[in-house]
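Here's the structure, in structure tokens; my notes come after.
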Amino acid sequence: MSGRQRTLFQTWGSSISRSSGTPGCSSGTERPQSPGSSKAPLPAAAEAQLESDDDVLLVAAYEAERQLCLENGGFCTSAGALWIYPTNCPVRDYQLHISRAALFCNTLVCLPTGLGKTFIAAVVMYNFYRWFPSGKVVFMAPTKPLVTQQIEACYQVMGIPQSHMAEMTGSTQASTRKEIWCSKRVLFLTPQVMVNDLSRGACPAAEIKCLVIDEAHKALGNYAYCQVVRELVKYTNHFRILALSATPGSDIKAVQQVITNLLIGQIELRSEDSPDILTYSHERKVEKLIVPLGEELAAIQKTYIQILESFARSLIQRNVLMRRDIPNLTKYQIILARDQFRKNPSPNIVGIQQGIIEGEFAICISLYHGYELLQQMGMRSLYFFLCGIMDGTKGMTRSKNELGRNEDFMKLYNHLECMFARTRSTSANGISAIQQGDKNKKFVYSHPKLKKLEEVVIEHFKSWNAENTTEKKRDETRVMIFSSFRDSVQEIAEMLSQHQPIIRVMTFVGHASGKSTKGFTQKEQLEVVKQFRDGGYNTLVSTCVGEEGLDIGEVDLIICFDSQKSPIRLVQRMGRTGRKRQGRIVIILSEGREERIYNQSQSNKRSIYKAISSNRQVLHFYQRSPRMVPDGINPKLHKMFITHGVYEPEKPSRNLQRKSSIFSYRDGMRQSSLKKDWFLSEEEFKLWNRLYRLRDSDEIKEITLPQVQFSSLQNEENKPAQESTTGIHQLSLSEWRLWQDHPLPTHQVDHSDRCRHFIGLMQMIEGMRHEEGECSYELEVESYLQMEDVTSTFIAPRNESNNLASDTFITHKKSSFIKNINQGSSSSVIESDEECAEIVKQTHIKPTKIVSLKKKVSKEIKKDQLKKENNHGIIDSVDNDRNSTVENIFQEDLPNDKRTSDTDEIAATCTINENVIKEPCVLLTECQFTNKSTSSLAGNVLDSGYNSFNDEKSVSSNLFLPFEEELYIVRTDDQFYNCHSLTKEVLANVERFLSYSPPPLSGLSDLEYEIAKGTALENLLFLPCAEHLRSDKCTCLLSHSAVNSQQNLELNSLKCINYPSEKSCLYDIPNDNISDEPSLCDCDVHKHNQNENLVPNNRVQIHRSPAQNLVGENNHDVDNSDLPVLSTDQDESLLLFEDVNTEFDDVSLSPLNSKSESLPVSDKTAISETPLVSQFLISDELLLDNNSELQDQITRDANSFKSRDQRGVQEEKVKNHEDIFDCSRDLFSVTFDLGFCSPDSDDEILEHTSDSNRPLDDLYGRYLEIKEISDANYVSNQALIPRDHSKNFTSGTVIIPSNEDMQNPNYVHLPLSAAKNEELLSPGYSQFSLPVQKKVMSTPLSKSNTLNSFSKIRKEILKTPDSSKEKVNLQRFKEALNSTFDYSEFSLEKSKSSGPMYLHKSCHSVEDGQLLTSNESEDDEIFRRKVKRAKGNVLNSPEDQKNSEVDSPLHAVKKRRFPINRSELSSSDESENFPKPCSQLEDFKVCNGNARRGIKVPKRQSHLKHVARKFLDDEAELSEEDAEYVSSDENDESENEQDSSLLDFLNDETQLSQAINDSEMRAIYMKSLRSPMMNNKYKMIHKTHKNINIFSQIPEQDETYLEDSFCVDEEESCKGQSSEEEVCVDFNLITDDCFANSKKYKTRRAVMLKEMMEQNCAHSKKKLSRIILPDDSSEEENNVNDKRESNIAVNPSTVKKNKQQDHCLNSVPSGSSAQSKVRSTPRVNPLAKQSKQTSLNLKDTISEVSDFKPQNHNEVQSTTPPFTTVDSQKDCRKFPVPQKDGSALEDSSTSGASCSKSRPHLAGTHTSLRLPQEGKGTCILVGGHEITSGLEVISSLRAIHGLQVEVCPLNGCDYIVSNRMVVERRSQSEMLNSVNKNKFIEQIQHLQSMFERICVIVEKDREKTGDTSRMFRRTKSYDSLLTTLIGAGIRILFSSCQEETADLLKELSLVEQRKNVGIHVPTVVNSNKSEALQFYLSIPNISYITALNMCHQFSSVKRMANSSLQEISMYAQVTHQKAEEIYRYIHYVFDIQMLPNDLNQDRLKSDI
């Protein structure tokens, strides 16, 4: 190439980044510079001059390029003077002629394969590449291999720089493709990628100048080629199209369709007979062989025809099938007849007859398909097809039954089965059976064509070998055989495989098409082609997959086993040969029909060529093909020899990166862009550089993995030996095995679960490698096999005995564990094994290195076999984990003198178990040590990787039992002694500890390292002794009944809490054997307990995971002993916990000054199961330090609250119960939360389980009291009054120890954040998201019953974030309880007959009004106990209103049945969202009634006089749980009941969630008539006039409306206002209540008139209520208390505006409130706190906003100065206007200061909001799935309407047109299909949770070409669905086509734009904000546009998390209520154990 030409490249290619591949350099004409020349230094001045010249040239190039874009469409006149044709390839005249023609007109080039279509394409592409420097050239091919081939051709033919070319396929990421479109000029891609990029707007359509389409004959119908052209035309007509194909089409119509779709202006056609190509084409001999049917095949054919007649005759008799000869009918004709019958059914055929005819059609179609197989492929293919029908794999049940009744068919089928049954099984084995070539078994030729094919192939190889004597030549020949069906491909391959090694055959098929068929993956296909091309195989049997698109090399013989009707298929097959040498084509046809098909195909081919070449009038060409070259310019031909470099295929990025590091010095300059040493230290880097770094001298250019072995590609023995290629190093998978049996050190990224599993396998392999004979591991495990545990449905293979995550462990049989338990206990609570299996599935136990340990103790096992018989059933929990179980037995059975053997190995066992044991049904591995244990056993380790170096490193104490599981360390009597000295040390250290704050995060790593070196164990950790576990003792078993609830997942699979990052070990060893026999405890120990004043461990398994569903194993008959305690100060842990009492075995290793991840208390199930005692909170002083660590948690002993004064008494084992509790004082600045356990407040408390068959007063003389947590969980040290505890229990009940455990030294694990501590935490602390164990503090210990305690779980089920379907959860709870009580004959249903039960309210354990103090809390406030009020309660359910599941005196714990209905907060003009769980859509699916109303049943009428106090108690307790996260309109059930009319209340459709008898129902009704607010007088509704509006059509939506059925629970509301007037509903947005209440829609005018009226009358109706709130609880209570109880002094004139704003906000859909059930309340600063109160309690003042066109309303002025009005054009959702802040709290002590601070804070937020600009273009977001189904909609919006359309992952949404509106597009056929109805409804409900407005566009189905138009028939299902949608508030629009849909979308978006709610934020998120966007999208019920708003409006996630409700509402452009949801979610403090395992580990590691 000339220098001038290179300059053109450099000039016009400057828009590309000019790196190594500039156009000039890459053209191949320049010589590369020598390395020396590049090193020559230039003078500084000259260098600067060169740089400045380059800059000037670059600017000039860009300027010229910009000018060119404006002139002549970007055509370069200087370059356009010539068009270049390469001479480096032989010049062929036909190619030159076609290339010239294609430059100036859209051309279809038809050339036989192998004659240079690719060359012509390269020439045309190169010239357009030159002519249009700023344009794009696009090549499209249907398959990836063709795309890749064309890139290489363009480079090798024309020298187009590789740096300017790019390949894009579906595997390329969309974001990457967008960058490629901008940076590259010549693009090679598949058509679907092009369609996607055009739809996404990534492709610059206007810049495309040349479009080349390969395999153009595919451009039929709506193929992607056609879509691309249609889309491009919408943007520009100025582009050239070049279409390439070997054949134009199968017939004239197809050719015309291709011409029309691709805008073809001319055809360049060359056939094999054309004179100008004869000289260039090799001779291809086509032989047609006609094979007659044999006698056997003819006989079977005759029988088969008789079967066909019997089935087709009935269709012919009914006149639905044409009368023709049965043998001449075809499958296609029957299909056409069936379609005709469906379109025009006969009037005589109705009802069931129509179904019968359809079935007969289906049978006939199947039989005729078999007939064609028989004729073409033979008997075997027919048999395989019939087998699929008869064995049911094809799912044709009716056909199977009908054929089975036909005698002739069964005879034929049995005959075929005898012939081919063996081959059927062989074929099922897949392709691998081919290579075996079993010559012993005779091959059955199912068709005569097979013999002919065999003859042809053998003859070919014989003749070839005769002609080519050399071995190399013999291997060069290739044979390819084509067949249409896989079965015949398999048959041919099996036949030819008998002729090995002459014939090396392989099959080649496509991907798997179904479950039963196994195809080739793409990798396998490429591997087969590669081996075929390289000589691994010489014969390839292929389906149509091999016809086109793959470079299979030169083939000498092509055999077509069947004929193809389409000439295209035949031409493609024939094109595989004759490319480089003479080829031969053999077509084997059966006599008769197949021969006729072939002849017809050849005739069609000839007619097409004749029509195109001779009579051009037949085809209509595109007449407006652009010339592309400006007028006056006629490019002249310039032949040029183009040289090019070596084509380098594109490598994966990782290879390029590695090469760059290997060859970094190649050009003499080091690549400084790479970091020198990465993460290596200087010494490590030197070591790596010296030993491991690959250099050029190593001559290693590539590192490869071992050859992939495919199961389907065998025959490896014949594979030629791989020549060792120099410079290629193959990695080995085995050379590093010596390092793979233990985890190596890690940095930042820990080992994965998969890695640890692999390590465990390697350990076991290594251990078993040296064994001979029997496996020791198997022998060890075998002795523990319980045959009762083995079910017939599952027997685990031996090699899976370690698979603890087995999903198949499900048994319904009573296990040995249950049997053994029942033998030694009077009563038990056992979960079913099936429930256990649910947990086993969730656990992931990693293999442990215990083999060596087991060997050492195997002898002891045998010796202690008898002892073990009695107890191992308890320890061997029902599971399939042999490791942990065996380990426990080993340790138990060891004699005391042998337990200390080999400390290091035992430690090693624990080491491997670190972070490993997660099996809920297994006792964990327990290790024991003597006093001689080294200090290393208590040390902390920096990284878990080092822990595994058992031989080199010391073992850390955090490996000993660091589990969330209960750890049963059973001890013997001889191991017991007291440790009084520890008591003093503990108490002294505790006080010292409390003087510190937790260390900062930055200092923890150093501290941890020091602790790891210096901390020592000072005491012993003893192992259980089996001798003292006797079955005659009673076992204290705890029930874990919440098995099936969704809460089992909350603390995900018993996650180990002691991670490598948490450096201290915190143990909890429950001891539950302290009671008498009826309480399932050991009797002897119980006597000792009484002497010691010790009580049963009440929080036995506090930290047990909720997934645990087996009974709690306990320590039995054990005495206490010394416990290892870490004693350290700063560098060491403080000794804070004491274990003196003889019955408790606690290990307290809690270095509280280091990072300590304790075992947190599971508040969801464990607490529900076993009432907690002595849980406490550390006071706020400990939380105020800014350096408080996120994971710091406090592990407290249950005795640890004893004061320093108690020390001496403690040492003497005080006998007095009262002293133990009375002596507690402010040692820990901790106050015990003493509260009511009233039935109303047991939403928040955990009730103690006691004997249900006895009066509950009969307990020990110990009374405990716990203040209810109405504040932020401050806890006071209280005098704990003793109460009695009954020693005698009745057998058959479940007893769970209670208050005695208050003294149990088994400490309770609580996170530092403690239970529900949100509201009063420090501002600095509020930013932490610590795991919170909720309801831990509310633990009444007195007077409850078993059922209440267990039914607590039902409440918990409904409170978890996961529970969105309460009904299901209730059922699960019921099942869980019933299964729990199965073996104790005590179930929920049986409870009513369980004898007299006295249900004592536990809320009166303290006198009302008692003052409780928090000595060292933040403000030393005085708590005033709430006193009884005579004032009535507005709620209907003041008592313990539990809807019992049965008519039982035992009422389950009260729980809201439905998510909180914040109907006060309904949005401005939406009520689409369903506020009730059972919305009308759900009713439409599953139920008949409307949404259930939560009517609560009073438990007892005797407490009616206390309703007001009860309501306050209930609300106070609610505040602790939901706090600020719920709005003030809390009680949706009572709200709807109280103010609605009688008719509304007596809604017949109301469904109660539980059964209630008539008397109870009447009680509910009578109670509802009275108002507690008016001293139980009757409630009166004073109605005013009704505003009845009559509409002639559906009114348009109002911007502001009042939600239907919403009744304000405010005394301040106007009593004269009727409930009908309160509800203003847009008919298009009606909720499910509307139909029941018959509410009427009000126009904007009516609403405004009503507002004016109410403002005039509001003053007289005003009534204020005032209560005294406790200071500490005021912050929470005012956020949740109903306004009638609070003292909100609202100006009467503002009431209506408050109400209006209530409805200007959205209501929560049913599923979205589940998360709010268990919210905690972190303390926030006063500004945020006050703003939250304002947002929750007082609604903003907003004016009306117009709907479809702007209307100016008068601004409603408020009479109160602080009020602000907003212009009517501004959306209410964006402007939460503050009202009088002080009105939220009448108490001047809190309201005054916060009011003054809050107002400016809110004002600042208003000013910071950026209003959208009116002039900005309208934007619509489109879901990615719409690219395929709604392409024309997208293109019309973008190209025709000029809207900004962005394709985004919208999470199932179709179109988002504004911040609040989503549009779903559905076709009529989808709406008609009742199968999809439920799915569609679920989709709508999903959208309702995210958007305020929903619109559904019902689009008419597109008519396919040639289809007759059918009239649309409405169905009942269709109409009912539309009705339901309208009733649910969904707007329905109808469209006739996609273009009209685009018009509707445009109108909707413009309407939303006018209302100022359009999309105005950038839709593209840069890389640094993409993670924030993903985080926002992870928030439940957050739409993509909301996340996008938050991403752009908030500078960071931290900024959003610290924002107030108003800010979130404004910036996220959401309603106030949606902002509440977001706020609650962000501030919800949850237990990290709820995270999945990997996330939990990653989170903990990331916090290091």
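Each position is counted from 1, following the chain as shown.
Placed from the backbone N, Cα and C atoms, the Cβ positions cover glycine too.
According to Swiss-Prot, of the residues Ser34, Ser1437, Ser34 is the one noted as phosphoserine. When Ser38, Ser1405, Ser1673 are looked up in Swiss-Prot, the one carrying the note phosphoserine is Ser1673; the rest have no such note there, which does not rule it out for them.
Checking Ser26, Ser1252, Ser1674 against Swiss-Prot, you find phosphoserine recorded for Ser1674. Here the region 'Interaction with FAAP24' (1727-2048) returns a mean pLDDT of 72 for the predicted model. When other Cβ atoms within 10 Å of the Cβ of Thr113 (ATP binding site) are tallied across all protein chains shown, the result is 18.
Residues within less than 8 Å, Cβ to Cβ, of Leu115 (ATP binding site) and separated from it by at least 6 positions along the same chain comprise Arg270, Ile277, Tyr280, Ser281. Taking the centre of the Cβ atoms of Leu111, Pro112, Thr113, Gly114, Leu115, Gly116, Lys117, Thr118 as the ATP site, the nearby residues of that chain (Cβ within 8 Å, site residues left out) are Ala246, Gly575. On its own chain, Gly116 (ATP binding site) has Arg92, Gln95 as residues at least 6 apart in sequence with a Cβ closer than 8 Å to its own Cβ.
In the three-state DSSP assignment, the secondary structure recorded for Thr118 (ATP binding site) is helix. Take the CB of Gly114 (ATP binding site) and look out to 10 A: across all protein chains shown you find 20 other CB atoms. Across the motif 'DEAH box' (214-217), DSSP assigns 2 helix, 0 strand, 2 coil. Within the same chain, residues at least 6 positions away in sequence whose Cβ sits under 8 Å from that of Thr118 (ATP binding site) are Gln149, Gln150, Ala153, Leu244.
Each of the binding-site residues Pro112, Lys117 was assessed for Cβ neighbours inside 10 Å, and the highest tally belongs to Lys117. Under a cutoff of 8 A between CB atoms, and with a sequence separation of 6+ in the same chain, the neighbours of Leu111 (ATP binding site) are Ile98, Lys117, Ile120, Leu244, Ala246, Arg270, Ile277.
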